[in-house]
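Chemist: Input: one structure, supplied below.
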Amino acid sequence: MAAKKEAVNVNPKAIIHQRFGDKAHYNIEEIQEFSSNGCPGLVIPQKGPCLYRCCLQLPDLSVVSEVFKRKKDAMQNAAEKALEKLSDPPVENPSDQLVSRLSYLFSNEFYAICHPLSGHFRASLHREGDLNGFVPISIMPFYDSKISNLCKSIKPEVELKPLDVTSIIMEASARLSDTVFCSKELLSLKRVTPYPPEVLQLVEVSSEQGTHVKVIRVPYMVDKNVDSLTLDVSSNKYYMDVIAQELGVADASRVLLSRGIGKASSETRLYFCAPKSHELDVISGNEVKEGHLDETYLNTRASYLCGQNIYGDAILATIGYLWKSYDLFHEDVSSRTYYRLLLNKVPRGIYKLSREAIFAAELPLKFGTRSNWRGMFPRDILSTFCRQHHLPEPIFSSTTTAKTTPGSEESFKSEVKVFSKDRNLIFHCFPQESYKKQTDAIQHSSLKVLSWLNDFLNTDGNTINGNKGDLVFYPEHISKDLLAQIKGNYEKMLGFEGGNQDKMFEYRIEGAESEITPANGCLVCVGYCVWLVSGEEREIIEKNEEFEFELGSEAVIPDLEAVVGGMSVGQSGCFRTELPPRELIFAANGDSERISVLLSSGNCILEYSTTLLRVTEPLEDRMEKALFNPSLSKQRVQYAVQQIKDSSATFLVDFGCGSGSLLDSLLDYPTSLERIIGVDISVKALARAAKTLHSKLSNNSSVPIKSSCIKSALLLDGSITTFDSRLYGCDIGTCLEVIEHMSEDQATLFGHIVLSSFLPKLLIVSTPNYEYNVILQKSTPQSQEEEDKNPTKPCKFRNFDHKFEWTREQFQVWASEIAKKHNYSVEFSGVGGVEGVEPGFASQIAVFKRVCELQEGGELKDVPYDVVWDWRSSNE
């Protein structure tokens, strides 16, 4: 015992942590002393040693330490001073401390202070009849952190079984029978002797009458709707009794509370009835066992919302007593609040809310650059997700990669680990990609985890095996309750399930065309409005006057991105979609009577209208446009068109077609093409390409296509390093500015596969000329400034997503080797720049020509690619 006392005396900071936990905040202040022992006559003071002072902030106390040379000494001194000032000095045993704390709570001194729990003590004196003066035990650990921490010290498993707290407090109160009366029937405590009149007069509570607050009832039966209620919480009533009455129980002692929902300081909680088995166990003195609880009445929606088991119907309310006021604090809770809290439990919902664009924003699949990212950063979203599910903060670790060539810059890789409350590993993400900035590596790895979580949340709840490439999931380390909460199936309830990629949509673009049009990678700014439409009736449910996103990063819903991609600045577009779940509408707009009436009428749809306000092109395009007119991208298309005309090609395959920008542009030129195929590994990009091509080929576009001979168009989902017989023997294949987005090994594999298996008559491959970057980057002031500071520094790649950029020699060696091996000839050219003038073309091009005629063979049946879109002319 003596040894323990000595330990307590020498480590006051540990005592503060035991009693206050995370509510104790240590703020270190650095104090700089100046020495007068410098050079004689020197006016500038000489700095002395650095010292530290600590300010310790507790919920109802603040102290400042003396000055020390070490930070930890200042923190210990602040903790020691705080212990001296606390009115209820610590004792050694947690059970004794709990008894001491209860004694203080029922003292005259505590009644008169501003404290969340003292508000309940004052309100208990307004209760009528036999309930007068009784304080429900259930509320004590939620409004007094010391009570909560002491209960956890006495019985650590109480954190997972919060219903056991009632029994612990009742046992402690039995030792205070002279001052505190414990009622097992009421599950409440009461002061034995009345408060003196002079103590009661110290606190004057507002006598305001008729105070009402809106709350939400969440039925435990999932087939019942969430409803809005209004409670009368006037000052002459105890609001917990009002909630109890609404839940259908006798009094507040039968009501349990959830932990706070949302922000840490929020008074938003769920109130629900204690299960009958729990009351019987507590009254009889038995341990509360999970098996005793009737799972029939488990409220899955409420449990998911707060991260703990909730039974029966629940009331979601924002109400309670605060530190700085004697009056009852309350705010209305609407259906909008409820559904936004649900949205904040899933990664893409967190992102949507951060952008305040529930019907427009989507969590992007790639991070890109910090300058183009909008909304919460991936790392912050992942941290928020962990907090929402009561997990520790994720752990990020970064490593540097070795320099591959002299003068090259070091790069970073980042790993992410997410742990359970027991510090067991749940997720481990270890991407192999490296990035020039450590922060970018962390953001990319965080986004990879979030993307995986979105896929996992949207899969069948019966499977929990979620390993995917460089991310490993350990389901054995996650509790069943937490797994159920994470799965929850609320992704589908909130309208996050994947759409039908084969379904086309109709849109209309109005206004005169301007010269400024967006392309993938551009940062676009739009104004948009979403209407709920039922016949002739319509109501705005979301509006945003200025909304920015990076085109092609899938940062918005596909339909909106497809429409904006076909507009120019100043034009407006309009399209309609099917009605999403009503929960998503309420999350955006609330539960106004007008919205409810429209929804109940049936046959509702959503109508989007948007205007393209401005376009900021990517750095790569801005550099190119500063030097080239027309742009390099248009020059590449023109080069391909000339090859098509010279070869009279009728069958074209675009390898790595992405969102279809090349195929779309080819339709603007008169060519001999009759059949076109695009292949890519991004289904979403292909869906955007389908919508754009469908509009043009189906004559829905305001601009008629010039390539009017097209009879069929096919978009396929697959890797261009895998053979598919439908692409075999095409007249011309294009692969423009694609290979640099692959690893060098994959680019070489593609070269061998395309020339040995696909066997195109003509293959055009373009890629950036790294040697030209010095000219492009000199055309931008920022790059020039960087070069002036370090003229020997290597040029940057043109795009953040480029895995490599080759010099002319490297590109020619690569192309010549694969051409020779597969009996093709190869010629080199390019666009941008002048042939024969250093440093060559900005985009270098290799044109491969098959030397031998294609041999007719048996029927080929290798078709691993999935069809995303198949269009055929009505004349076929």
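Using N, Cα and C of the backbone, Cβ positions are placed for all residues, glycine too.
Residues or ranges marked as domain 'dsRNA binding' in TrEMBL: 17-87. Annotation source TrEMBL lists domain 'Small RNA 2'-O-methyltransferase Hen1 La-motif C-terminal' at 212-345. Under the heading domain 'HEN1 double-stranded RNA binding', TrEMBL lists 347-402. Summarising the annotation, TrEMBL assigns domain 'Methyltransferase type 11' to 653-749.
I'd like to know what surrounds each of these features in this structure.
Modeler: As a whole-number mean, the pLDDT of the domain 'dsRNA binding' (17-87) in this prediction is 77.
For the domain 'HEN1 double-stranded RNA binding' (347-402), DSSP puts the residue distribution at 20 helix, 8 strand, 28 coil.
Helix, strand and coil counts under DSSP for the domain 'Methyltransferase type 11' (653-749) come to 33 helix, 20 strand, 44 coil.
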Chemist: DSSP says what for the domain 'Small RNA 2'-O-methyltransferase Hen1 La-motif C-terminal' (212-345): how many helix, strand, coil residues?
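Modeler: For the domain 'Small RNA 2'-O-methyltransferase Hen1 La-motif C-terminal' (212-345), the helix, strand and coil counts are 43 helix, 36 strand, 55 coil.
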